[in-house]
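Report on one structure; see the data block that follows.
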Amino acid sequence: MRLVLVGPPGAGKGTQAQFIASNLSIPKISTGDIFRANVSGGTDLGKLAKTYMDRGDLVPDEVTIAMVRDRLSEDDAQDGFLLDGFPRNVAQAEILRDMLKDWGLALDLVLELVVDDDEVVRRLAGRRTCSQCGRIWHVDFDDKKDDRCDACGGTLFQRDDDKEETVRHRLEVYQQQTAPLVSYYAAEQILVGVDATGPVEEVTRRAMDAIRPYMA
Ligand code: AP5
């Protein structure tokens, strides 16, 4: 299955992607995670991406698209994938459609995670990520009193772009550049909206219920 997750920062895309991808046995491909790995590794791509990410702006399309093309060409993505954070604007969506078409493929489904701005700010202020396995936690909702990952024991860190003013800017960027994807994919008749409020397991259940009719 070829699936895209769309939604504002903090909607729970990364959280849900890890469970959905595991349920479907497909790789989760997060452009944000790939950029962050490059930032940590000090690569040229990471140095470039960091200047945009720290401001909450999108990394230029040509850089992002080349990175996604390389990743989708890898062996583990040949039988399906879950894209988290890509495409992020209509230009990226059009290039993804053409890229897949060249390979004789198409997206099966785009899931929109729906949540309001106040909930997003609350979620991102308490987000912590494991530096070792990438698992996402929340200090309040997961009752995290220490900075250790319960899954692997790795150290948890707070993302640089989770400061409140950067989060507000990321929400504006989302409204201006990414929200138009909702009508773009609705017109392609592959968009399904999922209520992303409530407990994580409940959202996963709703997402899987939405996906099931599209599974071959
Ligand atoms: P990216 O990493 O994609 O960030 P984002 O889209 O802003 O989304 P987030 O990762 O912040 O949120 P999420 O929806 O994954 O929420 P999460 O599951 O963590 O991108 C970062 C940057 O990279 C961009 O700003 C840009 O610069 C660049 N970039 C990436 N892709 C790009 C592209 N295609 N083009 C150009 N630039 C690109 O959940 C958030 C918190 O809420 C967590 O603490 C979690 O535990 C908690 N939570 C989740 N679900 C629930 C729930 N149901 N109830 C309570 N808490 C919950």
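In case you wondered, yes, glycine gets a Cβ from its N, Cα and C as well.
Automatic prediction, not curation, is the source of TrEMBL annotations.
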Annotated companion of Gly10, Ala11, Gly12, Lys13, Gly14, Thr15, Gly198 at the ATP site, TrEMBL, chosen from Arg88, Arg127, Arg128: Arg127
30-59, 90-119 - the one TrEMBL records as region 'NMP': 30-59
Listed in TrEMBL for the AMP site shared with Thr31, Arg36, Asp57, Leu58, Val59, Gly85, Phe86, Pro87, Arg88, Gln92, Arg159, one of Arg168, Arg170: Arg170
Entries of Phe86, Cys133, Cys149, Cys152, Arg159 which, being binding-site residues, have CA atoms within 10 angstroms of Arg127 (ATP binding site): Arg159
Fewest other C-beta atoms within 10 angstroms, as judged across Ala11, Cys152, which are the binding-site residues: Cys152
Tally of DSSP helical, extended and coil residues in the domain 'Adenylate kinase active site lid' (127-161): 2 helix, 11 strand, 22 coil
In the chain carrying Val59 (AMP binding site), residues 6 or more apart in sequence that have Cβ under 8 angstroms from it: Thr31, Phe35, Leu48, Ala49, Tyr52, Met53
Three-state secondary structure, which DSSP defines for Lys13 (ATP binding site): helix
